[in-house]
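Single-structure report; data block below.
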Amino acid sequence: MASGSERSTIDAPDRLAEAARNPRTPPWREPWTSLPGVGRWAELPGRERFWRVTYVVSQLAVRALLALVSLTIAANTGVLSSDGVVTKRGSALATHCERVGPVSPSGLGWYWACEAEITWSDGETAHERFQNSALTPENLAHPKPVVYQSVRDAADQIVVDEPRPFVGLGYSLFVASVFAALYGVRIPGVPPMPADRRIERRRRVRLQWWQPLALPVGWGLVVAGGLGTVSSASAGGSVVVIVLGYLALVAGWFVSQGRRKRGVAEPTTLPPERVRRYGKAGRGLVVLGAAVAAGSAMPNLPDWPKVVSAVAVPLAVLAVGWRLTVVANRRSAEQVRVSPYDR
């Protein structure tokens, strides 16, 4: 059992990042101390107890919401019904439909759920319940084609026989959203950070070169690559875009974990000449990204999904270049106000 002094050493954040760490966030090495009656709970002030419990509850709620979002994506883009070998074909005529929502087996939102009688091509009949508005009240009078899919290592399924152009987007977003559900998403202001630390944290983040871009660029690449799979001609390139998006999301995860554990460290002070070189490189990347994006878009018009996938990486390069340029200007301005030797 660790002594009080040892515990305080374990819980203490990196002193270089102390001013930019939220002291009300539960200790990352001992998150269970946020639970009533566990660890040093009795030693915590009442306000600290409140915010630690609030933090834990908020993270459980966020993860539950993201799990529902993952289900919604999988159910409504065809992820759950795209596998399997078709063994029978037939038609389904709805016998009863009802509205379900806002939370249902279809995910978040309001959908039609219909009971239907299925007539197979060999004359056999069966009954099935269809979710996700696969059938609607319109199909009470007009049957819809369906197929029986035999799925290896899973339950067979009956699904509506229709194109699923966004299944690639569904898979790409499903993987990313499941990952987000596992590690959670910080809710701004929960728990609130003291004003002086919040200002210092914002200053440090504004001086970081690429870290704030990792997550938005990653999500943008994942969405763009997923949309690109709609066009079969760009499927290969779209997979590369999706993989690059995943790598950016993983990098963003490491950044967020570092902030959670140690706060935002004071950016390394660079010589003015090196800062200017970074700014020059950033302007070059902006020009390069814009030129390549325009050159990639023109040949693919008017196939918009293919255009989105083709310009995704060049636009990511443009965003990185823009960030380098902006941060270089901020650092140059700060170096004019404060000499590095005065820090």
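Along the chain as shown, residues are numbered 1 onward.
Glycine too: its Cβ is placed from the backbone N, Cα and C atoms.
Annotated region 'Disordered' per TrEMBL: 1-31, in sequence order. Summarising the annotation, TrEMBL assigns compositional bias 'Basic and acidic residues' to 8-18. The transmembrane segment annotation in TrEMBL covers 53-75, 169-188, 209-227, 233-255, 284-301, 307-327.
Just going by CB pairs under 8 A, the stretch in 53-75, 169-188, 233-255, 307-327 that sits most against the transmembrane segment (284-301) is 307-327. Outside the transmembrane segment (233-255), and at least 6 residues removed from its termini, the chain residues within Cβ reach (under 8 Å) are 168, 172, 175-176, 179, 183, 211, 214-215, 217-227, 300, 303, 305-306, 309-310, 312-313, 316.
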